[in-house]
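Structure, as structure tokens:
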Amino acid sequence: MATQDLKHRITKQEEEKNEQQPKLTQSETTTTAADEDKMNAARRHKKPGAARRGLRSLSVAVAFPFALTLLDIFLFGSSNRYRSLHKPFYFPPLWALHSACLATSFLSGLSAWLVWAEGGFHRQPSALFLYLGQLALGLGWYPVVFGAGAIRVGLLLCGALFGVLVGCARVFRGMNPIAGDLVKPCLAWAVLLAVLNVRLVYH
């Protein structure tokens, strides 16, 4: 009789455990679902703010070199010597020269922003120095060649600009392939600028 009572108690305890188990699971599931809803709501709340910050940083990254180049052209971009130069067919007029400089400054700013967004400037500070170097060399060409008339010095600037842009393209490509590709038109522009400079030297 005692054995039967013991079996009955054990069976009853197991039944009680089985009844409690689904309730605990359901409670945990409800809590997990509520937590997931909160996390999703937090993500949705963060996305507009992150998008605004990204757009703001992109605007600054592009507008900064563009505005400096525009100021450079405004102060030093007028050149009677270039206008009077007998130019081959592949030489751009002065307005096209200015437009190309603005376009390359836009592309370089965009490529730098892509690298910054990947955390590249923190991981590899040389990328930032290369970007600032090519920006300074590009801005220096107008005052040196058109402002001071130091055309041979301008040719040296073109060579240095091309070398820094090559380094930029390689480093940027390692962090963001699109950023590396955006530097390629700037390389082509540096070559054309050097050809223009050579023509001015021997004019």
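Keep in mind that glycine also has a Cβ here, set from the backbone N, Cα and C atoms.
Quick look at what TrEMBL annotates:
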COMPBIAS  1-20  compositional bias 'Basic and acidic residues'
REGION    1-50  region 'Disordered'
COMPBIAS  24-33  compositional bias 'Polar residues'
COMPBIAS  41-50  compositional bias 'Basic residues'
TRANSMEM  54-75  transmembrane segment
TRANSMEM  95-116  transmembrane segment
TRANSMEM  128-144  transmembrane segment
TRANSMEM  150-170  transmembrane segment
TRANSMEM  182-202  transmembrane segment
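Counting same-chain residues at least six beyond the ends of the transmembrane segment (150-170), those with a Cβ under 8 angstroms from any Cβ of the stretch are 108, 111, 127, 130-131, 133-134, 137-138, 140-141, 144, 180, 183-184, 186-187, 190-191, 193-194, 197-198, 200-201. Beyond its flanks by at least six residues, the transmembrane segment (182-202) meets 81-82, 85, 87-88, 91-92, 97, 100-101, 103-104, 107-108, 110-111, 114, 134, 141, 145, 151-152, 154-155, 158-159, 161-162, 165-166, 168-169, 172 of its own chain at Cβ-Cβ distances under 8 Å. Packing against the transmembrane segment (128-144) from elsewhere in the chain are residues 65, 68-69, 72-73, 75-77, 101, 104-105, 108, 112, 115, 121, 150, 153-154, 157-158, 160-161, 164-165, 167-168, 171, 186, 193: each is 6 or more residues past its ends and has a CB under 8 Å from a CB in it.
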